[in-house]
Every structure is written in structure tokens, then in C-alpha cells.
Amino acid sequence: MTFRDLLSVTFEGPRPDISAGGSGAGGGAGAGAGAGDTASSESPAVGGVPGAAGGGGGGSVVGAGSGEDNRSSAGEPGGAGGGGEVNGTAAVGGLVVSAQSVGVGVFLAAFILTAVAGNLLVILSVACNRHLQTVTNYFIVNLAVADLLLSATVLPFSATMEVLGFWAFGRAFCDVWAAVDVLCCTASILSLCTISVDRYVGVRHSLKYPAIMTERKAAAILALLWAVALVVSMGPLLGWKEPVPPDERFCGITEEVGYAVFSSLCSFYLPMAVIVVMYCRVYVVARSTTRSLEAGVKRERGKASEVVLRIHCRGAASGADGAPGTRGAKGHTFRSSLSVRLLKFSREKKAAKTLAIVVGVFVLCWFPFFFVLPLGSLFPQLKPSEGVFKVIFWLGYFNSCVNPLIYPCSSREFKRAFLRLLRCQCRRRRRRRPLWRVYGHHWRASAGGGPHPDCALSAGAALPGAALALTAAPAPSSAAAPEGQAAGAGRRKPPCAFREWRLLGPLRRPTTQLRAKVSSLSHKIRAGGAQRAEAACALRSEVEAVALSVARDVAEDNTCQAYELADYRNLRETDI
């Protein structure tokens, strides 16, 4: 059963002055069927849908069609007599609308409103929450923008055409509407393709991801994405389409063979191939990396210390060159932190799982349409019936409605952001620098002393209001140290303490999850024993920089990458 079968609409003829309605004198009803049978009708048939007219003063006429035009049939409604109600239809203004058409209209209106509201929530969630403003979420916002444009500018006219049974907005606007439809759908699909590539980079290079995928690169990628979508959608506007039908009440996507194949390849099959390859790679990398990290954590558990936190103080004891205050850090000794790497990788893998669900739903929604469209253009005898095609076509539209519903079900961050928006708790704070920022150079592990002390946090020392006790980090083993420096590898630097400063800063209304992450982090960044240091390292006002050092790879000659804690007094849960 199609949308056309669910509704019946007909224009009324000149309404005579009748005192008695219903089936009174002169009243009667005629019916026109889409198969070609007519009853006392002189209305022409358009798109395979003949008109029907009924005589008398109180009758109403139902005209239904079952054309094979695949996007929309343009049946011309028959004429009807004056007021009254027959077989569940009622006169509303100049139209006689059935109860089924009202139900279909209400359903489609709810469908469109859900899509608009859901995509608006995604956009506003990222705009109102600084911790959600990441490159990956920018791609998600672009996906929501494409779906929002589709829901707000295309779907209302598609729904109107389904309810009325014909296109009522003119030939010129039909061409524009079809082009915007292709533009938004192509941009949505290409956004999912971009997201899959972004997730592969995030999982494959989780520590170097901020340096690889910058905001400037993301903006260039999005500009290219919309340019490709625009090129695909401009074909019919430039004449790459079938001959224009004479009746302006017919409007549908072009079935010209060349354009159907071209648009299907560019809008679906090539992006889908990239998506499938990227997520297969994500699965392989995630499985191998998880195993190696778990094995590394087991090995590290048996070691006494690992340096994670680096605090550089002004005016501290200098190295051999006696140059205090230098920001350089070559020659500092520290171990790798597999625990931090595992934490960061697990977050990337979780985001990849969420977006894999989005991509799976996308394939289920769009594959039937992009399979049927070129097939019907190449082999007209294989065209599906109108009812089957309409279900397939609106299934593609359904993808724009379901994407915003996936995020709160699989992402607690988006769920909390949605709830805050629904409670009108959008509080945009001033822009700050990212909490973790990549240095422009690498730090090489060695046993030599540096211009600043190398401090690490003692376990259990990050208590609110308490002085922060720090102990010096031991040098790495002789096997990890450069050749010729094994003698100094076993020496420990003098202990240092850092007082009157809170590592995690003042937290406003911390959630249970945030407290758990804070507790976990305070135990992960530790070195040596829990003994408290005696000498003061610096006061809070003397802090120059706080950095997190993470090993990249043993095969890279123990080169390490440092992440700077730019604003340590405002720590967010997603920054841990």
C-alpha cells in the first residue's frame, strides 16, 4: 500500500446553494480508480492517474492513482460536487480530504519535526559545551547541518507532495528543490565518510592526533566536501536530465541514465567503499593496539615508578650549564606512561564504536535507494512498484531523523549535553586554550641533568587544600639510557616539594564520574615511594609550565612527546 493509496484528495467544483446535503435529491458520488477506469469523467489523465468527477450537490469524489514515475506521481484530481461527507472524506476549504490523508500528514509532520529538533540539539550541544568542541565533533556538527537543511528545506515539500498527490509549487521551484535534495543528501553521506577517516586517524595515531588533524585542516576538508556535493547536485540544473514533462504538477528526480549512475557513484558507492575500508582498519588497529597496551600495562605494573607529570619551576637549580629559566627540556629523564596512553586510546576507540553505529544505520537506510535508482534507469522493466519505491525513498530520509537519536544512546557526553539544553542550562564560557597542547619538539630520554628539576607527583598527595608533595623521578635503566650514560642512570635527583598549589584546581559541582576520573588520575601519575619531600620546589606563583610526558615508541630511540597542561586550574572531565 502506498501513500497515494492511503489518501484521497479532490478539488470541489462550483459549490451550489443546497439546503439539504448528504445523499439528498440530486446527490451522488462518483469514483475514479488509478487503473484507468472512469465514471462519468471528462478530466484528463496525468501520469497514469485519470481524474474522476461526480455529479450532484452533496457527493464527493475520490481520485487515486498508481503511476510508475518512481519519485512522485502527478495525478490530476477530479472535480467534486458541493459539501457533504461520503466514505470518510470531508470538505476542508477547497479540498475534500480523507481521514487517511490527515493521518499521513500528521505522521510526516511529526517525522520532520523530530529530524529538525534532533539535529538542532546536536548543533547546540557542541556550541554550548566547550569540552565537546573537538575536530571529530565538528565533523558531526557538519553532518547535523546537512541533515537539518534536508529536514527544513526539502522534507516539507516532499511531505506536501505525498499528501496532495501532485506537485503544487511550479516547475522552476521543482528543479531547485530536487537540486537541494541531492546537495543535502550527498553532503550528509560525505560527512559520514569524513568521520570514518577521522576516526581511523584518531585510533591509529591517538597521541599524535591533535597535531595531525587541526582545526584548519578540518575546515579545508569540510569546504572540499560541500564543493563536491554542489558539483553532484548541479547536473540537472545545467541540463543533464530527462525531457521536462508538460504537466507542471509532476516533479521528481531525473532518471537520465548517465546522471543516475554518476550521482550514485559519487554520492554513495565511493563514500561507502571508503567508509567500509576505514572501519575495517579501525577494527584491526584497535584489536592489535588494545592487546599491546594491555601487555604493556602488565609489564609496567611490576616497575616501581613511572614519571607522568613534569613541573618546570622558575629559578630552580640549573644544570651543568648553569642557565636558569630556560624552557628547553633536553636531557630530562623520565619513563613512559602506558596508563595515560591506554586511557587516551580507549576514548578514541569508544568514539569509533559510536560512529560505527551511525555508519551502519546509514548503509541500511541509503543502500536500497541507490541500488534501485541506477537499476531502474538502466533496466526500466526492473523498476519496482510505486509503493515499494516510496518506502525505499523515505527510508533514506529516515536516516536524517535517526542520526541525532544515536548519540545520546551511545555517548554519555552528548546525553548530558542534550539534557542540559532541554533544561535550558546552556552556559557558554569564555574561550580557553585547549587543555592539552602538543609541543613543537620531542624530548629525548637521557641521564643528564636539565635546567629545571624533574618532578613527579607522589601517590595520594593531590588532596584539596593540602600541600602538593613531589618526589624526584629515578633515571631509566641502563638498557634504555643512551650509550655512555649508564653510570648516571641510577642516580636520583634531590627530592623536591611543591606547596600551596592544588593539582586539580577548584572543581565546581564535580560529578561522580569526574571524581572517579580524578581519583584514578591521581594514582596513575606517581613516581617512587610515597615519602614526602622536604625541600620546597616552588610556590604556585612560580610555576612556569606543567607537562605530561608520554613515550611514543621504543623503536624510535626512546623519543617522547610532551603535552602541556595549559590551564591546570580548570580541569574538565573529558580532558583527563
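Quick reminder: no glycine exception, Cβ is built from N, Cα and C everywhere.
Not measured: the values here are computed from a predicted model.
Swiss-Prot lists 1-101, 165-174, 244-256, 379-385 with the feature topological domain 'Extracellular'. Among the features that Swiss-Prot reports, region 'Disordered' is placed at 1-82. Under the heading compositional bias 'Gly residues', Swiss-Prot lists 21-35, 48-66. Among the features that Swiss-Prot reports, N-linked glycosylation site is placed at Asn70, Asn87. Among the features that Swiss-Prot reports, transmembrane segment is placed at 102-126, 139-164, 175-197, 219-243, 257-280, 354-378, 386-410, with the record citing similarity to another entry. Among the features that Swiss-Prot reports, topological domain 'Cytoplasmic' is placed at 127-138, 198-218, 281-353, 411-576. Look at Swiss-Prot and you will find Cys424 tagged as S-palmitoyl cysteine, backed by sequence analysis.
Within 10 Å of the Cβ of Cys424 (S-palmitoyl cysteine) there are 6 other Cβ atoms, across all protein chains. Across the topological domain 'Extracellular' (165-174), the DSSP tally of helix, strand and coil residues reads 4 helix, 0 strand, 6 coil. In the three-state DSSP scheme, Cys424 (S-palmitoyl cysteine) falls into the coil class. According to DSSP, the topological domain 'Extracellular' (379-385) comprises 3 helix, 0 strand, 4 coil.
In the predicted model, the topological domain 'Extracellular' (244-256) has a mean pLDDT of 77. Among residues of the same chain six or more beyond the transmembrane segment (175-197), those with a C-beta under 8 A of the stretch's C-beta atoms are 136, 139-140, 142-143, 146-147, 149-150, 153-154, 157-158, 169, 221-222, 225-226, 228-230, 232-234, 236-237, 251-254, 263, 266-268, 271-272, 274-275, 278-279, 282, 355, 358-359, 362, 366, 396, 399-400. The DSSP breakdown of the topological domain 'Cytoplasmic' (198-218) into helical (H, G, I), extended (E, B) and coil residues amounts to 15 helix, 0 strand, 6 coil.
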